[in-house]
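Undergrad: Handing you a structure now.
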């Protein structure tokens, strides 16, 4: 690999390739100035770290060069820094004495470990770990480090000795040794400190005195340490103070030797935690410096490259006897202010260090420690940032708490413990904050697409829509809180229909969050509220799909909140219009139904009354003539009304809905969105009215009128004041059997005979009474003029009594009901009492139970037959005439009656519970109605909406002899916003060109414009002549004429005329009157509706490219794409069109499955049908397509077997390769691999057919952007 291939790893190479002479002059000056600043700091920091002074200079040599090679920052200077020096001193001092050889060797181990750790982070792409050191943690640590560094320099600054560098130890030593402070050392340090602090302030005014303009940002203000160090050396040497002060001493001359750190496993393991801390702190400090400088130059720093560069610098330091290095803010600022442009300035600085090491190290021998301490103190004072605490407190108080806690723990517990505690505390605060996410209700800023908090801005909201913005990632720590807040707000806001989660701030949703969304969706669904999402990041959609949320979500996933709110607003407007239209339609439908029911019942009742009168006349006697028979029939009308009401209701609804269907009024209701359930609700007032009337008649009118009719009839027939019972009425009361001869309407009885049996069923006593009456107070029967006979041992004794008490709970009303009424004529209350009485007497109750449950379940009967009538009208009989519909209704009603008559005796004979016997006929009609309604033509609207969200370009419908292609597109136009609507294809013979042009133009207008594609095809001769009754003729010319006429109609330039070989306007063929007039559309149409043609033969494909806007190829597969290129190019050339003006929309079935063979087999029956059974034996386009694809023998065999009625063999003869080449089958990876061939085949679009999984899978395979409106698949 040559150097030209290394720019990604060696950023210096591309810089040098563009390096200019002017750049070097700036880098040279900056490098010399930085070198002057670096030298005293390097020696001072070495003193702070506890290593020899030359180690500080070594840390400025190889590490600086390596960073210049690998670093991505152009101005950052790497070398010794105070914080790293402090960390080294705190760590290594526990293992060896400072300034010893062993101490230095341990330091190099830390260097190597730190560098390797940063490289590991880069290789494992775990650089994000450094983000655990938040700004408050770093600030608190640096402030504490600065304090520790300043305190650690007090012994050198004052000349006292301290056993430890810990603050308390140093302060204690200072207080104890205060009288013995070395005054010369203190004065030297104080003077140096004063000069260092005042140099940047006194230099600008001094420069102005000599005619120079130096401000406080000039590089000269940064060389104070070099000036002070030089003055200190000169003064100490000339005054002899170097003999009284502690000085640096001898610094060996020469370059560092390259040697590896010592290998000691135990020591390496013990140092590792400290090395990791030093590495992280060094990297964070370096990256922040580099990013700051890069922002000033409007460039950027590569965080991954910085891991490599800082790691390399530390590894270089390890092998050259130095200590850990990092980016220096002070020296980097000097480099920037001095005009440094590239890392070459660092190389110049390194060269300066080399010169110093080779020739000038002896100058450091007289440099006092007090001066070095002053240099260190001044350097670290600039690191302290006490203002940030107030700033953090204003932003987030927990940041200030984290900063202060970190600082205190570093000061008193040590660096490692303090940093770890700070990180844990910041993580704890982060989890606490993110677990309580801010959820804000938002609304639209007027006349914008922006949405803001309703509490902070004057915004517009939609009634029924609760738009809530989640300002946090959704994960395990906050999922439950988010769910609770959403549910509470939705519950608190009455009238909420839609909940919209605005996800613009959500970058991650974990498994717990996804499960919460599913749970929230289900909970809101139970409350009748939909859940939708908007502003969802594209990276999150695959996770939602994998969790299945896209399939079950009750709302939609919107690209933007603006689009969501527009959708809801349009839905609300449409719903309001629908509600108004349906509110207007409901009374009309109800009134229409009531009128039909009234007429039907009137007709039925008239017929039944007439038949009943004829039947009664057959019983006429001298005292029972026409008047009495007529009165009897009239009095039984309520009962007859109740019996026929359910059938009248059924026939009435059938006629009413049928008449609406015949006049297209029902179709209009259905298209406007009135579902079968909504139609049932529209009929509900009618059902309630008739059901209420039925209850009133059956319970209160019919029983009384029926009893009056029976009494009157018997009185008329037998002329008795009391009602005689033919054959008498027999009753049983345990061991008592009783017969009544007569009873009147008041409950008075005559001719009572009672037979009492003993336990052996032998007659024991007889009671004969002339009459009897019911005593209400005693609730018993009192019999008068009684003759009592007792049989004892074969002897009979008889006595006469004025009165006899018969204790029995049966009331006169119940007794009269049994005497005069059959069970089906009794009221529900009477039936209930009779059943209770019969059970106490161990009597049979089956007939009464059947009658009772028949009345109880009458509402279900009404609703079931109504639903059945509705299902019939909107289902299989929606296109038949009224006569056939009425005939069907009569037979359906009789069928229900016969079912009831069948199961009623069956329940008695086979001991079937009465409730079950009554429910079975009702259930049969209920299930039949549901089955008929479900058999309606259904459009997969949810899949279409999903495809639109996923970025699909278009949706296509086809037609055959059964359903058309345009009507479903009109429905889809009303429920979608963007997706194009195409027909693939409309069959020419089904419509005239003008009809198709009008229909497609109307659809285009309804869809909002420029969304419709008119796909046309000629079909086959069997369909054209057998179904449409049109001549096959010359399909080539018919297709060409058809397109020409439609485009003329849409263009609306002049009245349309066309003299074609197959179609002419005006019409000139057989039967023409010759008075046809050229016309121009009265409406302005879209002249740019694209026309696609479904063709496959050479001539028609060529013509398609010439006259149409797109091609719907028949039997297209990628392997045969080259066969069509010449034909298409010839047609385009003839029309003078470019290839990019012509679309090619292929089609393929998609089956996502692991069972590839099973999917192939499932598709073969359809192929066998088209190749073998469609068209004529000699004219079959599908067969020809198969031949063209190289499967001629198989095509002949399939057709031969299919026409011979051997369909199973024909299906088996379809080759797997043929099916597979024209479809996308298998798991996702296989589909993705095979899809590449379709992408490279020259098509501009691919229409897929498949289920929901196929739609989502192909969106991922085709790399659709769900937010895009231009994706095509």
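We number each residue from 1, going along the chain as drawn.
The backbone N, Cα and C atoms fix where each Cβ goes, glycine too.
Heads up, TrEMBL stuff is auto-annotated, nobody curated it.
Grabbed the feature section from TrEMBL, which reads as follows:
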TRANSMEM  55-70  transmembrane segment
TRANSMEM  77-97  transmembrane segment
TRANSMEM  103-121  transmembrane segment
TRANSMEM  223-241  transmembrane segment
TRANSMEM  267-295  transmembrane segment
TRANSMEM  307-330  transmembrane segment
TRANSMEM  342-360  transmembrane segment
DOMAIN    455-568  domain 'STAS'
TRANSMEM  596-614  transmembrane segment
TRANSMEM  644-661  transmembrane segment
TRANSMEM  681-702  transmembrane segment
TRANSMEM  856-874  transmembrane segment
TRANSMEM  906-928  transmembrane segment
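Describe the structural surroundings of these features, if you would.
TA: Sequence-distant contacts of the transmembrane segment (55-70) (same chain, six or more residues past either end, CB-CB distance under 8 Å): 9-12, 38-39, 42-47, 49, 76-80, 104, 107, 251, 255-256, 305, 308-310, 312-317, 319-323, 325, 343-344, 346-347, 349-350, 353-354, 356-357, 361.
If you look at the transmembrane segment (77-97), the same-chain residues 6 or more away from its ends with a CB under 8 A from one of its CBs are 34, 38, 41-42, 45-46, 48-51, 56, 59-60, 63-64, 67, 71, 103, 106-107, 110, 142, 145-146, 148-149, 152, 165, 267, 270-271, 274, 277-278, 281-282, 285-286, 309-310, 313, 322-328, 331-332, 334-335, 345-346, 349, 376, 379-380, 383, 414-415.
Tertiary proximity for the transmembrane segment (267-295) is limited to same-chain residues at least six positions away from its ends with a CB under 8 Å from its CB atoms, namely 71-76, 78, 81, 83-84, 87-88, 91, 95, 106, 109-110, 113-115, 117-118, 129-130, 133, 138, 141, 301, 303, 306-307, 310-311, 314, 324-329, 332, 336, 415-416, 419.
Sequence-distant contacts of the transmembrane segment (307-330) (same chain, six or more residues past either end, CB-CB distance under 8 Å): 9, 37-38, 41, 46, 49, 51, 54-56, 58-59, 61-67, 69-73, 76-81, 83-85, 87-88, 104, 107-112, 114-119, 121-122, 127, 222, 256-261, 278-279, 281-283, 285-287, 289-290, 379, 382-383.
Sequence-distant neighbours of the transmembrane segment (596-614) (same chain, 6+ residues past either end, Cβ-Cβ under 8 Å): 629-630, 633, 636-637, 640-641, 644-645, 647-649, 651-653, 655-656, 659, 686, 690.
Only residues 6 or more beyond the boundaries of the transmembrane segment (681-702), in the same chain, are considered here, and those with a CB under 8 A from a CB of the stretch are 582, 585-586, 589-590, 593-594, 597, 638-639, 641-642, 645-646, 649, 653, 674, 825, 827-829, 855, 858-859, 862-863, 866, 870.
For the transmembrane segment (906-928), the residues of the chain that approach it from at least six positions outside its boundaries are 846-847, 849-850, 852-854, 857, 860-861, 864-865, 867-868, 871, 896, 899-900, judged by C-beta separation under 8 angstroms.
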Undergrad: With a Cβ cut-off under 8 Å, give me the same-chain residues at least six positions beyond the ends of the transmembrane segment (223-241) that come close to it.
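TA: Same-chain contacts beyond the ends: 33, 36-37, 39-41, 43-44, 184, 188, 192, 195-196, 199-200, 247, 363-364, 366-368, 371, 374-375, 378-379.
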Undergrad: Where does the mean pLDDT land for the domain 'STAS' (455-568)?
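TA: It averages 89.
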Undergrad: Let's see if you can do this one: DSSP helix, strand and coil counts over the domain 'STAS' (455-568), in that order.
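TA: The domain 'STAS' (455-568) comes out at 51 helix, 22 strand, 41 coil.
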